[in-house]
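Quick notes on the structure that follows.
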Amino acid sequence: MKINLSMRELVSRLSTTLKTAIALSVLTACTANDSVSLTSNISNTSGVLLESQTKITDGALHFDGKKLNHNTFENPSKSQAYDYFFGRNISAHGDAVKPYKHFVFMTWYKGGKEERNVMLSRFNTKTGVVKTIQFPHRHTGFRGDPLVGESHNTIGLAVSPLNGTIHMVYDMHAYVDDDETGRFKGRFVDDFFRYSFSVAGAADVPDDEFTLEQFVKDTSELSQGADDYKHLTMTGNLQDKENFSALTYPKFYTSDDGELLHYMRWGGNNNGAYYFNKYDAKNQKWTRFTPFNHKDQKTHGNAYNWGLYGQMKYINGKLRVGFQQRSANNDDRFKYQNGVYYAYSDHPDGLGNWKNVDGEDMTWPLVNSDEIKIFEPGDYIDHTAPNSVHIVTGFDWTVTENDDVHFITHVRSTDTKRSDYKEVSIHAFKPANAVDFTITTDFTGADSIYTSGDSIFIIGLKNGYPFVEKAKGGSNDFEVVYQQASGVKFDHGTIHIENGKAYYYLMEKGAGNALPLHLQVIDLGVTE
């Protein structure tokens with residue numbers, strides 16, 4: 001595989017953006033408590049438009065206190081402010097929104113600091129009703145301290161189109177059984193994995209029947225009581241519990257055949273693996289986890305251990321993996337991540353036939369990440385000293401229905417005060433029939449990249465308002481096709497794309513640790 005480098009003139013890019021901006025729709029302010037539909041009186045030739053905006057709740061959990069570190073986390077504030085570790089966001093964060101038939105399901109944590117319950121809302125687009133279930137479980141906080149919020153403890157969500165069951169995995173960050181001498185001080189003994197699921201057909205029940213009674217209680221020997229809806233394994237077999245230990249970042253996908261797939265990261269930041277499993281809708285049972293790559297790679301002959309920062313995705317009919325590596329080698333030039341790595345499986349369940357981007361067989365489970373490396377973003381900064389290159393934010397990837405492969409990433413100097421400081425955003429893409437990747441730095445950067453049909457999209461917030469940029473798959477020709485200009489301002493959100501629509505699940509800007517959540521449904525003007 002070769003790599004081509006391209007750089008378009010910045011003036012050309014600005015000119016295109018300005019022309020597009022002239023034609024943008026100016027949206028009416030959206031302040032209603034319930035679902036509303038918004039239209040534009042200005043022609044939008046892109047076909048991108050906001051279908052509706054719906055308030056889901058007035059009080060979702062948000063961390064509004066101080067950011068703590070390893071020196072301060074044992075002394076959090078006992079006042080109303082909610083101190084946190086890592087990031088502020090835990091609601092409208094992660095794998096938290098999924099459409100199913102004429103419903104949209106959303107997970108969140110209840111605010112404020114003293115509440116923290118796991119919540120599940122269902123928006124019925126036919127009746128306009130938002131019905132919410134409150135679960136007994138409360139966010140446990142960083143390493144089990146409820147006074148320290150933990151942004152990694154997101155709630156993964158799925159609905160099976162084959163039997164209407166609802167599945168949630170939540171509130172964990174590499175938790176394990178340990179004792180008072182361990183990292184978690186014995187706080188997660190037989191409670192290190194949290195899985196809740198419903199009876200068959202629960203996703204379809206009438207609004208007044210969408211209640212906690214649709215979910216299955218844990219009646220095993222490890223049950224924590226009559227109101228325990230948490231299950232320690234997804235298989236239903238407690239003998240499998242070690243297979244569900246030390247996991248983080250739940251994410252669900254639905255295959256083209258309606259099968260549910262689920263993956264998580266096993267291990268830690270610089271020594272981890274992607275584990276995935278599958279739901280058998282007929283028997284209503286999940287498989288054990290299967291590794292994409294080995295953890296503890298040194299024990300398998302690699303020169304060093306490494307972790308993954310990216311995602312496993314089921315997209316365009318295949319299970320795929322794209323990530324950046326965080327090496328346990330602390331003496332190289334990379335402070336955190338490096339590289340762009342990618343693989344896909346020709347097996348419908350990912351159980352073999354794994355290949356690199358060129359279609360060549362790779363070792364499975366993977367040990368040496370170089371087998372699937374595409375390029376090195378760190379080469380775009382001329383630093384060689386240990387830990388001088390900083391790669392953390394702005395990485396994502398997607399594959400269009402035409403099989404165009406796209407990666408975005410961001411690299412900068414670790415020392416922001418050095419005289420030769422450099423910062424670069426990169427877009428690497430390979431059209432379906434191309435042999436080589438094109439890599440361009442004529443890219444403004446983004447947190448995520450999405451696809452629908454043969455198009456690619458960058459969707460995010462600008463000054464608190466949603467925007468959409470669109471380009472044809474296999475190109476870098478992004479144009480702004482949608483920009484909200486008024487209404488509710490948002491702090492952050494998470495997005496799910498399905499059937500040509502973006503389900504943008506958003507938290508409203510505000511003060512305190514209990515803030516409103518909204519759902520925007522944006523038609524992307526794509527026929528799938």
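Note that Cβ sites are derived from N, Cα and C of the backbone, with glycine treated the same way.
What Swiss-Prot records for HIS152 is active site, proton donor/acceptor. Close to HIS152 (active site, proton donor/acceptor) in the fold, though at least 6 residues off in sequence, lie PHE86, HIS173, THR248, TYR249, each with a CB less than 8 Å from its CB.
What Swiss-Prot lists as substrate binding site is SER151, HIS152, TYR309, ARG326, HIS390, and the listing cites experimental evidence. Within 10 Å of the C-beta atom of SER151 (substrate binding site) sit 17 other C-beta atoms, taking all shown protein chains into account.
Its own atom aside, the Cβ of LYS230 (Ca(2+) 1 binding site) has 21 Cβ atoms within 10 angstroms in the protein chains shown. Per Swiss-Prot, the feature Ca(2+) 1 binding site maps to ASP218, ASP228, LYS230.
The Ca(2+) 2 binding site annotation in Swiss-Prot covers ASN329, ASP332, PHE334. DSSP gives PHE334 (Ca(2+) 2 binding site) a strand state.
Sequence annotations record features per position, and here Swiss-Prot assigns S-diacylglycerol cysteine to CYS30.
Annotation source Swiss-Prot lists signal peptide at 1-29, citing sequence analysis.
Here Swiss-Prot flags ARG265 as site 'Neutralizes the sugar carboxylate group at subsite +1'. A strand conformation is recorded for ARG265 (site 'Neutralizes the sugar carboxylate group at subsite +1') in the three-state DSSP classification. Annotation for ARG265 (site 'Neutralizes the sugar carboxylate group at subsite +1'): spatial neighbours LEU247, THR248, TYR249, GLY272, ALA273, TYR274, TYR275, GLY307, LEU308, criterion Cβ-Cβ under 8 Å with sequence separation of six or more.
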Legend entry - Packing count at ASN329 (Ca(2+) 2 binding site) (other Cβ atoms within 10 Å of its Cβ): 14
Legend entry - Under 8 Å by Cβ from HIS390 (substrate binding site), same chain, sequence gap 6 or more: LYS335, TYR336, VAL411, ARG412, SER413, THR414
Legend entry - Position of peak Cβ density within 10 Å, selected from the binding-site residues TYR309, PHE334: PHE334
Inset, instruction - Determine, to the nearest whole angstrom, how far the Cα atom of LYS230 (Ca(2+) 1 binding site) is from the Cα atom of SER151 (substrate binding site). - result: 20
Inset, instruction - Would you list the other residues of this chain near Ca(2+) 2 - those whose C-beta lies within 8 angstroms of the C-beta centroid of ASN329, ASP332, PHE334 - in sequence order? - result: SER327, ASN330, ASP331, ARG333, ASN338, PRO386, ASN387
